[in-house]
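J.: This structure is in structure tokens; I'll ask about it shortly.
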Amino acid sequence: MGKPQGQTGQAAPEGGWGWVVVGALFLVSALVFGLIRSLGVFFVELESYFDESAQAVSWITSIGLAIQQLFSPFGTALCNLYGARPVVMFGGILAGLGLILASQATSLTHLYLTMGIISGSGWAFVFTPTVVSVMQYFTRRRSLAMALGFTGVGLSSFAFSPLFQLLVETYAWNGALLVLGGLSLNIVACGALIRPVATPKAVKQNLTESRRSSACRNFLSRVSMNFELPLLTQRPFLTYALAVTLFNSGYFVPYVHLVAHSRHEGFSEYQAAFVMSATGVADIIGRVVAGWASDLGRVWLPRMLTVWSGLVGVFLVLLPLGSLGGSYAGLMAISLAYGFCSGGMTPLVFAAVPEIVGMDRTLGALGLLHLIESLGGLLGAPLSGWLKDQTGSYAASFVMAGTFLLLGTAVTTTLPNFCTCTKAGATKAQSDAPEPSLESGLITTSLSSPTTPIQMETVESEDEDGNIHSPVGDPERSGVTSGRTEDDVSC
């Protein structure tokens, strides 16, 4: 099969080489978030080896996660300049290098710098470009493709927890990190498989921009375009970013502290690791079910997301109750329920982005989204560790994490038209739905091109001249613009 070519605006090929890219996402998600979620196996060992508090050790994962999210806009900007393949391959090198250097650490500060900053930077250049590469290949089956790619997280959670425990017992924690560093270098091969459908934005702009533009204005225009900075002025995007930040504050707490919580309740090392493994299996099932259900197109993705995120919050609050009285079965049952719902939630968080910002802006939007949510990733696990240090147990930590998920669910319900009863495709533009609403997003009307002010002036002049195009949000006028507006705000 030849290398796919095309522009951002062309129809997605709905498969083909896209399934190979889905396979690359499977491995990337396993070697990034599957690895992050299984680092809890090292938690007790590092706490004992360095004689540090739970809060101090929690900063290792939090810094790595925060750097991954904080540097994501730079990764997406580089993709706009050079394409996804070289960026992902470079990120794979950094991810492996950080873990290899971490194996030589003699203090927690060294782990902060290596696993946190170096590996975190590599993860930033790897994850988002791979996710968007998959999105570009699919429209109708996008959620399912994303879910299948993200099953790598659940499968690796099942396999990595007992594997990491075995590596720690065989080679100690530093030898285990050395092995993980070599394993992470496989991301480089995954990056080599990526063939993005869309031409990098910077290439397209260089072909069309005016030579009469000043150097300064041209530079600022490129920065704004590559980072998608106009999204920071749009209410739908900011609302969604706040919701995801709250999600992020609580989502990773079980993957940092669930193993330690199980050990604290008196269960053995392998029993604790198996809880995480079983959660990973439920995670896989949840991702596939959520991807299949969302591709049916019967429920608007942000609405479906609130169902899954609300359930995740509830089960996190209930998680400490599962192990009351030393009940391993109770702990396992609630952990399985949590794993299933958290697995269903994850692909929808990403698949819903094109419905809010439009497909053309998804790459930059994901970068900015990771940047904003990094605050939640940075503070969630250390706050959980601090609560454990203060209370002597992890019960308050899980209640706090569940509360963050429930708050994020409430914020998601404030998205524009969330409570509207209009169904996607119920307008006279039904023949174009649901794909146009999926590709254009909630804010396309106000950000339909890089030259938004010019477009808005055109709309105003058309109104003054009495043309049929009506202002955004005017339901009483008919015509092309009215049909698009109804489509954009449909459920």
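Each Cβ is built from the backbone N, Cα and C atoms, and glycine gets one as well.
Taken from TrEMBL, the feature transmembrane segment applies to 16-36, 56-75, 87-105, 111-132, 144-165, 171-194, 237-258, 270-293, 305-322, 328-353, 365-387, 393-415. According to TrEMBL, the domain 'Major facilitator superfamily (MFS) profile' annotation covers 18-420. Per TrEMBL, the feature region 'Disordered' maps to 429-491. The feature compositional bias 'Low complexity' is assigned by TrEMBL to 440-454.
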J.: With pairs fewer than 6 apart in sequence excluded, do the transmembrane segment (393-415) and the transmembrane segment (144-165) have three or more C-beta pairs that lie under 8 Å?
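T.: Between the transmembrane segment (393-415) and the transmembrane segment (144-165), which are separate recorded stretches, there is no contact, as judged by 3 or more close Cβ pairs.
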J.: Any idea what the model's mean pLDDT is for the domain 'Major facilitator superfamily (MFS) profile' (18-420)?
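T.: The average pLDDT of the model in the domain 'Major facilitator superfamily (MFS) profile' (18-420) works out to 87.
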J.: In the same chain, who gets a Cβ under 8 Å from the transmembrane segment (56-75) while lying at least 6 residues past its ends?
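T.: Non-local partners: 32, 36, 39, 43, 46-47, 50, 87, 91, 108, 111-112, 115-117, 119-121, 123-129, 227, 248, 252, 256-257, 364, 366-371, 373-375, 377-382, 384-385.
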J.: Could you tell me what the rest of the chain brings near the transmembrane segment (237-258), counting residues at least six beyond its ends with Cβ under 8 Å?
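T.: Answer is 36-40, 43, 54, 58, 61, 65, 69, 157, 231, 272, 275-276, 279, 302, 309, 312-313, 316, 319, 335, 338, 342, 345, 349, 352-353, 356-357, 365, 368-369, 372-377, 379-381, 383-385, 388, 394, 397-398, 400-405, 407-409, 411-412, 414-416, 443.
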J.: Honestly, do the transmembrane segment (305-322) and the transmembrane segment (87-105) touch, with at least three Cβ pairs under 8 Å and pairs 6 or more apart in sequence?
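T.: Result for the transmembrane segment (305-322) with the transmembrane segment (87-105) is no.
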J.: Does the transmembrane segment (365-387) reach the transmembrane segment (87-105) with at least 3 CB pairs under 8 A, where each pair is 6 or more residues apart?
T.: no
J.: If you count every Cβ pair below 8 Å, which range out of 87-105, 111-132, 171-194, 328-353, 393-415 shares the most with the transmembrane segment (16-36)?
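T.: The stretch with the most contacts is 171-194.
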J.: Using a Cβ cut-off of under 8 Å, list the residues of the same chain at least 6 residues beyond the transmembrane segment (87-105) that approach it.
T.: 28, 31-32, 75, 78-79, 111, 114-115, 117-126, 129-130, 174-175, 177-178, 180-192, 194
J.: Are there residues at least 6 beyond the ends of the transmembrane segment (171-194) whose Cβ is under 8 Å from a Cβ of it, and what are they?
T.: 20-21, 23-24, 27-28, 31-32, 35, 42, 45-46, 49, 84-93, 95-105, 115, 119, 122, 126, 129-130, 133, 164
